[in-house]
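**Student:** Just passing along the structure, written as structure tokens.
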2 protein chains.
Amino acid sequence: MTASSVLPSRKHKVVVIGSGNWGTTVAKLVAENTRGHPDLFEENVQMWVYEEKVTLPKDSPHYDASVGDEPQKLTAIINKCHENVKYLPKIALPSNIVANPSLQDTVKDASILIFNLPHEFIGNICRQIKDHILPYARGISCIKGVTVTDDNIELICEYISESLGIYCGALSGANIATEIANEEWCETTIAYNTPAGDVHHAANGVANDSDNGAAALTEYKDARGRTSKNKLTPVPGDYPSLDHHVLQSLFHRPYFTVSMVSDVVGVSLGGALKNIVALACGFVEGHGWNMTAKTAVMRRGMLEIITFGREFFPETIEEKTFWEESAGWGDMIVSCTSARNWRYSKMAVERGVSLEEIEKTELNGQKLQGISTTREVCGFLRAKGVESKYPLFMIVDRILDGTVNVEDIPELLRK
Amino acid sequence: MTASSVLPSRKHKVVVIGSGNWGTTVAKLVAENTRGHPDLFEENVQMWVYEEKVTLPKDSPHYDASVGDEPQKLTAIINKCHENVKYLPKIALPSNIVANPSLQDTVKDASILIFNLPHEFIGNICRQIKDHILPYARGISCIKGVTVTDDNIELICEYISESLGIYCGALSGANIATEIANEEWCETTIAYNTPAGDVHHAANGVANDSDNGAAALTEYKDARGRTSKNKLTPVPGDYPSLDHHVLQSLFHRPYFTVSMVSDVVGVSLGGALKNIVALACGFVEGHGWNMTAKTAVMRRGMLEIITFGREFFPETIEEKTFWEESAGWGDMIVSCTSARNWRYSKMAVERGVSLEEIEKTELNGQKLQGISTTREVCGFLRAKGVESKYPLFMIVDRILDGTVNVEDIPELLRK
């Protein structure tokens, strides 16, 4: 294969769907990179914002006396002040982020769609954009989570792929949004199994120079290694190849080290299932056990995540993703020592109240993702009759049920 | 191979060489198990104590008015009060621990020698016991550390094996002695590559029933997979087989979960080299970086430890030991969040003083093991000309030299 390439005449248009704490942070770093790589990307990054009205307090640096206390549109504030005052306050955003309240307008002509919003919204979002995206658009899901019913488990990026008929990879790692927004150093992992037709060399650059989907559709392997029933429209040859190099250029920053892998399953499962383990660690620590016990729980949890991957994604799972990547052990450690599910499960045990109570009093009714993940995954494991292979997961489920006490965790795991 | 066995007529005699904080803790759990398994072990556990005189304060529950302030022998206090008042105070020891000030008398007739003392003493200890041990004795080293010169790297258990002409395995894990002494739950890993002749079935139980070394000497593979130049005297057939089952029975407690593996190299390297990473984590945290940055340093450190194992022990290294075992990621996490090297390197950066200064003011002149490990390992890597593969290790060395600043760590690792 010759590596000589035709000079691309077009650039990738990148958009971010979602503008919470994490969505805005990712938009920030991506917008810094589109500006830094004018050869690869259009400079402006559209960011879809669920429109709401915000009243700026008088002591805000963005307070405008001529507007006064009149509530303003969040998109208007972001585009004028370059700050997401509601979800990522006090962080200056690059001026090439364009907040857009229209989902359809945001995704129009975009070749790279970055999904970053609470996972319960993804179904609705995909339905709304399905007929408005480019046929050769590609996705990166920053959404941690899996969709589990008693019958089936589906990765978020699989769901996006299937419902939109495009290829979608996943980003996950030992990441805390506000720290990254403050440009404190950390690492992440992007899993992307580049579809063959998206890499352009001179030969197929010529053969594949259409932007209207006229290029030959290509088969691709889905996350489970199956040839997808949907064929894929290749990225046209007049764009830069959409491969690991381009994605790294889009996400890597001096404060955000990106490692590229192909194992979409490993990265997605690690990001979703670690929340079950984080709950367990919060329980154990809240009960007064020390770091060595908590570490033992983390180790057991990691082994169960890998058992899960081997059992339900045997064709494509790569164990080394869990061991070596930020999306594996890295994310596990951070989630079990500094993140949300751990913090509030610890608090629940320390105060002797239920997690539902904590959600009410501390989280203003917001839900802890680890709880639904535990419920769904354990229901699925019971339906499959394999729960005995997952003692830690099942213990967390039974603690949530109130049928097991936290102090029984080591006893149940000691075998 | 038939599994029927002759009924053993003898029992293993277990001794612990060393009586510090960790040595006494291990003696405690082992003595609990020899009492619980009278079929396998002699009940009494001799523990070698470096004799010293101790004065019990008046408020000690062991204070004896008839002795008054007269200093007493530590061995006498342990054997009378069943407490190591100097190195593991306030922990009741089983009465079948027998403190013994004579090294030669301690090891006499022992079939299982547990080594648990600061690693700088091991050379002298081996010289003193060499001519006094049973030819078929077996060792377990609880000593974390490696002996490194510019030319060579030697695991502690390799050194014991070679200098005594016996087989020696290793115990390491996410363990903090005082917590285990208090029976707080944690896990550990024992690596032991059982010599073939030590497992007794009916057939070789008959062929191998001598206790004087008359049984045929056997070859064995050393930690690097080489056939040892020394042959091994098999454990006689009238003892219980000395295998994973017996060792697990000797070390496992309800509060101390033991996992048995065969990878002596992995367990030993993990226990030794993680201290370099712990220093780096202390530096990073002392400088004010957050958990995500520290996790990134841990991940890089783990990858370098495995690279080291692959490079210098290619025949026998099993990577899964690092990923899956308490002696791998488990020990790494605990060492980088709650243990000594991490704590004091963090303190040094917070106070803006050198580690030497901290050793003086906080450790009463005691040495931090991570410092000598870093110095020796990095000298070895430079001598081999492979330092570029170990950026994190080398950064720690250069910080100790004062030629790199702590704030440069992420920059140096960001590539």
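Just so you know, glycine gets a Cβ as well, placed from its N, Cα and C.
TrEMBL does not curate its annotations; it predicts them automatically.
Pulled these from TrEMBL:
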| type | residues | note |
| --- | --- | --- |
| DOMAIN | A:13-194 | domain 'Glycerol-3-phosphate dehydrogenase NAD-dependent N-terminal' |
| BINDING | A:Gly18, A:Ser19, A:Gly20, A:Asn21, A:Trp22, A:Gly23, A:Phe121, A:Ala177, A:Arg340, A:Lys367, A:Gln369 | NAD(+) binding site |
| BINDING | A:Lys144, A:Arg340, A:Asn341 | substrate binding site |
| DOMAIN | A:263-410 | domain 'Glycerol-3-phosphate dehydrogenase NAD-dependent C-terminal' |
| ACT_SITE | A:Lys274 | active site, proton acceptor |
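Give me the lay of the land around each of these features.
**Tutor:** In sequence order, A:Tyr87, A:Asn116, A:Leu117, A:Pro118 make up the list of same-chain residues 6 or more apart from A:Gly20 (NAD(+) binding site) whose Cβ falls under 8 Å from its Cβ.
Around the Cβ of A:Lys144 (substrate binding site), a 10 Å sphere holds 27 further Cβ atoms from the protein chains shown.
Long-range C-beta contacts of A:Lys274 (active site, proton acceptor), restricted to its own chain and to partners at least six residues apart, with a cutoff below 8 Å, comprise A:Gly301, A:Ile305, A:Asp331, A:Met332, A:Ser335, A:Cys336.
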**Student:** Could you state the CA-to-CA distance between A:Arg340 (NAD(+) binding site) and A:Lys144 (substrate binding site) to the nearest Å?
**Tutor:** 13
**Student:** Whole-number Å distance between the CA of A:Trp22 (NAD(+) binding site) and the CA of A:Asn341 (substrate binding site)?
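**Tutor:** A Cα-Cα distance of 16 Å.
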**Student:** Looking only at A:Trp22, A:Phe121, the binding-site residues on record, which one has the least crowded Cβ, with the fewest other Cβ atoms within 10 Å?
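**Tutor:** Ranked by other Cβ atoms within 10 Å, the binding-site residues A:Trp22, A:Phe121 bottom out at A:Phe121.
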**Student:** Far apart in sequence but close in space: which same-chain residues, 6 or more away, have a Cβ under 8 Å from A:Asn341 (substrate binding site)?
**Tutor:** A:Asn275, A:Ala278, A:Leu279, A:Gly282, A:Ser335, A:Leu368, A:Gln369, A:Gly370
**Student:** List the helix, strand and coil residue totals of the domain 'Glycerol-3-phosphate dehydrogenase NAD-dependent C-terminal' (A:263-410) as derived from DSSP.
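**Tutor:** Helix, strand and coil residues of the domain 'Glycerol-3-phosphate dehydrogenase NAD-dependent C-terminal' (A:263-410) number 118 helix, 0 strand, 30 coil.
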**Student:** Around the substrate site (A:Lys144, A:Arg340, A:Asn341), what further same-chain residues have their C-beta within 8 angstroms of the site's C-beta centre?
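**Tutor:** Same chain, not in A:Lys144, A:Arg340, A:Asn341, Cβ within 8 Å: A:Asn275, A:Ala278, A:Ser335, A:Ala339, A:Leu368, A:Gln369, A:Gly370.
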**Student:** Report the same-chain neighbours of A:Gly18 (NAD(+) binding site): residues 6+ apart in sequence with Cβ closer than 8 Å to its Cβ, ordered by sequence.
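**Tutor:** Residues satisfying the criterion: A:Met47, A:Trp48, A:Phe115, A:Asn116, A:Leu117, A:Cys142.
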**Student:** Sequence order please: the recorded positions A:Gly18, A:Gly20, A:Trp22, A:Lys144, A:Lys274, A:Gln369 that have their Cβ under 8 Å from a chain B Cβ, otherwise just none.
**Tutor:** none
**Student:** Could you state the whole-number distance in Å separating the C-alpha atoms of A:Phe121 (NAD(+) binding site) and A:Lys144 (substrate binding site)?
**Tutor:** 13
